[in-house]
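Peer 1: So Swiss-Prot lists these for the protein:
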type	residues	note
TRANSMEM	4-24	transmembrane segment
TOPO_DOM	25-397	topological domain 'Lumenal'
DISULFID	Cys48-Cys98	disulfide bond
CARBOHYD	Asn66	N-linked glycosylation site
DISULFID	Cys69-Cys134	disulfide bond
DISULFID	Cys78-Cys370	disulfide bond
ACT_SITE	Ser123	active site, nucleophile
CARBOHYD	Asn162	N-linked glycosylation site
CARBOHYD	Asn182	N-linked glycosylation site
DISULFID	Cys293-Cys366	disulfide bond
CARBOHYD	Asn294	N-linked glycosylation site
ACT_SITE	Asp365	active site, proton donor
MOTIF	365-368	motif 'DXXH motif'
ACT_SITE	His368	active site, proton acceptor
Amino acid sequence: MNRFFYTVGLIFLFSFFILYSPKTSDLSNNVDLHQQLLISLQKEEERCDLFSGYWVQDLRGSQYTNVSCSSIPESKNCFMQGRPDAGFSQWRWKPDGCELPRFDPGTFFEIVRGKTMAFIGDSVARNHVESLLCLLSSEEMPLGIYKDTEDRTRTWYFPHSNFTLMVIWTRFLVLDEERVINGSVTGVFDLHLDKMDKNWANKLPEIDYAILSDAHWFFRKNYLYEKGKNIGCIFCGEPGIKSLDIDSALQMVIKVVLNYINNCKKCRNILTVLRTFSPAHFADGAWDTGGSCNRTHPLGEKEIDLASLDWKIRSIQVEEIKRVRPVARRRKKFEVLDVTKAMLMRPDGHPNSYWGNKWMKGYNDCVHWCMPGPIDAWNDFLIALLRRHAFTDFTWS
């Protein structure tokens, strides 16, 4: 720990020296030394597994409130919706053996200056972006420059930092077609593994950071196809069709998506970050049978189930990132944002009944996350990953 802070201090010292040194002839040597220090810090961070740890109480609370951040959606604004307890927002993630620094918007903007970042996924990916927007708004307010008719895909621009932030809606990452019977939608989907969802695939060449997530839409009947041929289904139990587990079907999808990105010839220097599964915490029923999540404190590590389907899904996501890394093509990098263990411990962080459910009375939200709340730690993780890669970008071209 002392060595970590010593290295950080040296970095700031030499950054100042480089900027204000009166001897331009020494600039090259100073930059080389600064680069070495940055790499030293990177190695220091890499010795620590940020995603293995526990939650510790932090009475400072969140870096924003539902008053200071005006962009919190009503469905995640648990305090505005009447949630009486505030303790769930007063915890921080503590990795084993090191510290996870709080999110710093200034550092974030320096890393992403002139870049485009896209969060590609479902409504939980949107939840992640909403947390990031609140954290960034203390430094710079964005301009909303695009919104589709359903407000699912959006783009914001931060002019001072020349940074573009996008959230791109997709259910499965690959092309999906909902089955229609007698003119009515069924909630059953055909997934085509050899075709990407164009909502994000068409935008990929303009993206520098792609934050992917997937899984929640797999918990239903879905049919998988490859080159027009059915290769299996989830929850169908039909004769003549191969039955697939959720995790194995998801692994097929993640594999083809990562391969697609790796083979993208028009893409920039792209860092792809796969965010692992964000678990739901319905107790005493499912989402449509009265299930709820009314805890007010985190769980300990010994209280979570690492043999659960949630963990299996997380494991195949990590496995696929490990598979693609050794074969990553030039200008492609792959990382994992491993939030599953941390979030398995946070059944207290969901809106539950405090989500303003005017149209769905009696249904609780134990999938998304209150804001502020434990989801803010995802951005602590994210900036740590970005910082690691920024330190190696001197030679990444």
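Using N, Cα and C of the backbone, Cβ positions are placed for all residues, glycine too.
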Peer 1: Which sequence-distant residues neighbour the motif 'DXXH motif' (365-368)? Criterion: at least 6 residues beyond either end, Cβ under 8 Å.
Peer 2: 75-76, 123-124, 127, 216, 278, 280-283, 287, 291-293, 347, 350-352, 355, 357
Peer 1: Looking only at the motif 'DXXH motif' (365-368), what is the mean pLDDT?
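Peer 2: On average, pLDDT over the motif 'DXXH motif' (365-368) sits at 98.
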Peer 1: Between Cys370 (disulfide bond) and Asn66 (N-linked glycosylation site), how far is it from one CA atom to the other, in Å?
Peer 2: 10
Peer 1: Reported as an integer number of Å, what is the Cα distance between Cys78 (disulfide bond) and Cys48 (disulfide bond)?
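Peer 2: That comes out at 33 Å between the alpha carbons.
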Peer 1: Any idea what DSSP makes of the residue listed as 'active site, proton donor', helix, strand or coil?
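Peer 2: Note: the residue listed as 'active site, proton donor' is in a strand by DSSP.
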Peer 1: Just to confirm: which same-chain residues, 6+ apart in sequence, have a Cβ under 8 Å from the Cβ of Asn66 (N-linked glycosylation site)?
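Peer 2: Those within reach of Asn66 (N-linked glycosylation site), by Cβ under 8 Å and sequence separation of 6 or more, are Ile72, Asn77, Phe79, Met80, Met371, Pro372.
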Peer 1: Measuring CA to CA, name the entry from the recorded positions Ser123, Asn162, Asn182 that ends up nearest the residue listed as 'active site, proton acceptor'.
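Peer 2: So, spelling it out, the nearest of the recorded positions is Ser123.
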Peer 1: Quick check for you: of the recorded positions Cys48, Cys69, Cys98, Ser123, Asn162, Asp365, which have their Cα within 10 Å of the Cα of Cys293 (disulfide bond)?
Peer 2: Asp365
Peer 1: Looking only at C-alpha atoms, tell me how far Cys69 (disulfide bond) is from Ser123 (active site, nucleophile), rounded to the nearest Å.
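Peer 2: Distance between the two Cα atoms comes out at 19 Å.
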Peer 1: Report the nearest neighbour of Cys48 (disulfide bond) in space among the recorded positions Ser123, Cys134, Asn162, Asn294, Cys366, comparing Cα positions.
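Peer 2: Going through Ser123, Cys134, Asn162, Asn294, Cys366 one by one, the closest to Cys48 (disulfide bond) is Cys134.
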Peer 1: Out of Cys48, Cys78, which of these disulfide-bonded residues shows the lowest number of other CB atoms within 10 Å of its CB?
Peer 2: Cys48
